[in-house]
Amino acid sequence: MPFTLGQRWISDTESELGLGTVVAVDTRMITLLFPASGENRLYSRSDAPITRVMFNPGDTVTSHEGWQLKVDDVREEKGLLVYCGQRLDDETSAELREVFLDSKLTFNKPQDRLFAGQIDRMDRFALRYRARKHQNEQALQQWGGLRGMRASLIPHQLHIAHEVGQRHAPRVLLADEVGLGKTIEAGMIIHQQLLAGRASRVLIIVPETLQHQWLVEMLRRFNLLFSLFDDERYAEAKLDSSNPFETEQLVICSLGFVQRNAQRFAQLVNADWDLLVVDEAHHLVWSEESPSAEYQAVETLARATPAVLLLTATPEQLGQQSHFARLRLLDPNRFHDYQEFLAEQQQYRPVADAVTLLLAGEKAQTAELNALSDLLGEQDIEPLLKAINSDSDDNQKARQELIAMLMDRHGTSRVLFRNTRQGVKGFPQRILHQIRLPLPSQYQTAIKVSGIMNANKTLEVRARDMLYPEQIYQQLEGDDATWWNFDPRVEWLLNYLTANRDEKVLVICAQAATALQLEQVLRTREAIRAAVFHEGLSILERDRAAAYFASEEEGAQVLICSEIGSEGRNFQFASHLVMFDLPFNPDLLEQRIGRLDRIGQAKEIQILVPYLENTAQAMLVRWYHEGLDAFEHTCPTGRTIYDAHHAQLIERLTTVGEQQGLDEFIHTCRQQHDNLKQQLEQGRDRLLEMHSNGGEQAQLLAQAIAEQDNDVNLVTFALNLFDIVGINQEDRSDNLIILTPSDHMLVPDFPGLPQDGCTITFDRDQALSREDAQFISWEHPLIRNGLDLVLSGDTGSCAVSLLKNKALPVGTLLAELVYVVEAQAPKHLQLTRFLPPTPVRLLMDRKGTNLAAQVEFESFNRQLNAVNRHTSSKLVNAVQADVHAMLQQAEALVEAQARQLITEAQEQADLQLRRELERLEALKAVNPNIREDELTALESQREQVLSNLHEANWRLDAIRLVVVTHQ
């Protein structure tokens, strides 16, 4: 092509320079000026890697002055193009010579990029199409937010999260027993609400001691990066905003932190949260006469926030008044009068009795049948009542149907979820081993001296000190004291570990100093590999210690944890727990055992307690075991009995030598424990348990998600994505891959990839046992960000390939076109449930025939060969007129497919949302816990969804030209 001064060209290799202008031409060389970047380039005339920029009728171009022109015609004058058409600003006719085109011109449409020579690699085109397909398939999955968590697939947890997470502004009480995973349930609900766009701002309020546990759980299990607000962080944020809480979307803080300052609390309330989560909500004290300041603070926040999750102890442990107080936070209009609530609860007693009858499988007597009829009076249930007393195959089905009807009418089943260990099977047996050891003379002396020196300390402080004689000795003797040389617990631990080399052993002690000293002794005395876990370590350092312990190959045999350091970490792969000392209260004891005693623990848990005779430890072992049965079973009564006997317990811990009355004290505690436990068992609400654990549906949900684990398509796509993006991958032998950034990535910082890299696995079980490995799923930020990176930009939007096929004539031209059918709408409407961005692939020939149905993408892609960009540009220029014609023919074909997709989406949305609305309206007639605002929100959502689907459209997303060759 002849070159003329003023012509506009674009660089094939440096498209970021913008639009270039020919400023010098001689016999062998040309010079281009790129005004947008201020750069000059000198090219050889014979083979310059540049492409002439030529627009066509229908295109919109921008002048260097900023106004835009809709092109109607193009003519050439002395080698320069003149665009004729209508200005978009004042609708007047105008001409624009190419020399006056905006130099910052970018090409967004795939066909424009193709004709401008901005041609991408063919592997990127394939990646873009696969990304579109996978994005579409994942959007249609019904378990979004549940699949990507790094946690075992526990049916009752999945059921609660699925049930609550799908609601508009859920306000519920999660009251599972300890060890059943309330934190995970809350995390799954948060994750779903965020992914679905129902929430974007989340506030978690927890006790100060649990802040880091929540921070770790949300990050490690759900890849949610919360900001922990304390005084220091608040002061920093105050520099950036008048309301510091508006500087972050996801926030964790303690109630004490915000209560200390009235202005701070007001800012928190006014920060427009979408979802409020309150842990340990049973500590919020309430009475009708004088609610506590903490309760009132949470009440104020709950009223200002649409969605609320309260995590609390079980209702039976709380007592009815305390339970009512929690429900009142969720729905003050519904739960406004305590006496009315008590009367209503009595009315639900027959419902629970009826369910017990149906579950038992026995035939119903006349009185029982009448009771069922009364409870479900407005329904035609006569056939079902007959079926439950028959021997037909319909018996069980009828019972399940009646139970489902009763559940819909249950008083608080929509706002309260409560599972018990008895209702959820799969927990291991706990076996206690008490190891009685002699009290060394050094400790005897230290304890006596300490008693004299610390007489002015409070009784409680002295009692706590008595539990840790090694610390008493260390304080008296100084830093050079070597208590581990004579403490018989150390010798016992060494012998136990050397005798059980093949077992992973978790050792927990109260103090970080004790943990560090024990690790040193194990390493120097017996070369035992041990990791240490304490509050002085960063989260990353704790991850590494946990991973070292979890590793089967060359991993640590022992993990030594301090009390605080072990919070929020679970080690189900180990089954041996050594308590080097004992905690001060039963909640901490259960927390220690809970590190191993989780659903998914495959072995019996061996609890080993080496204790020194005639010490506070010895007395506490007896009280925990004989008084509370707290070692071998969970102890829901522990806190109640501890509070009731707190003063007496402290006194006995400080006067261990005086054994008088100890047996009676322990016997009294045991009687109280047995009585309370019996009351709790009698108060079990089996209907609520059924509703909370999800039954067979929950099992099917867990199975369905498990079947999607280790998805081969995910592994293939992810590795292909990492390759093309330019992320380094290093395979490890144990199903792990190390990812690190490279110098040639598509973007300087890949979202979700740390600067120092990360370790990933596609195996859920592997991720659970390796704290340092990230579990890759379709919901992981690396994959979601990767999809966004590819699809939100131009990556792979146009390509040119060669097809070596002697069955076709040389020069045969095919255009592979990928259109996207999509609807634009606010995220919270979740339009993607019905019409996610949907790729429609066409494979056009010159005759206007679509061959896509006969030629599958992957097999076709494998037959193609890449072409360099310069050659590609020449090919495109040669067939530009043909491509325009093919695009026009394709437009008519894609319209029919797109309109069909849109119509189907409208019908599905109307049917699904109408059914949902009708179901809630029917339930509201029999269950007052259906809130009016839920119905209003659903009706509004239905109208908006249908309106936005009506506006759905389609566009060309990617184009690949394929030219047949025989060479």
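A Cβ is built for glycine as well, from the same backbone N, Cα and C atoms used for every other residue.
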The annotated motif 'DEAH box' range in Swiss-Prot, which must be one of 279-282, 455-458, 727-730: 279-282
For D176 (ATP binding site), the three-state class that DSSP assigns: coil
Binding-site residues (D176, E177), the one with most neighbouring Cβ atoms at 10 Å: D176
Among G179, G181 [binding-site residues], residue with fewest other Cβ within 10 Å: G179
Average pLDDT across the domain 'Helicase ATP-binding' (163-333), rounded to a whole number: 89
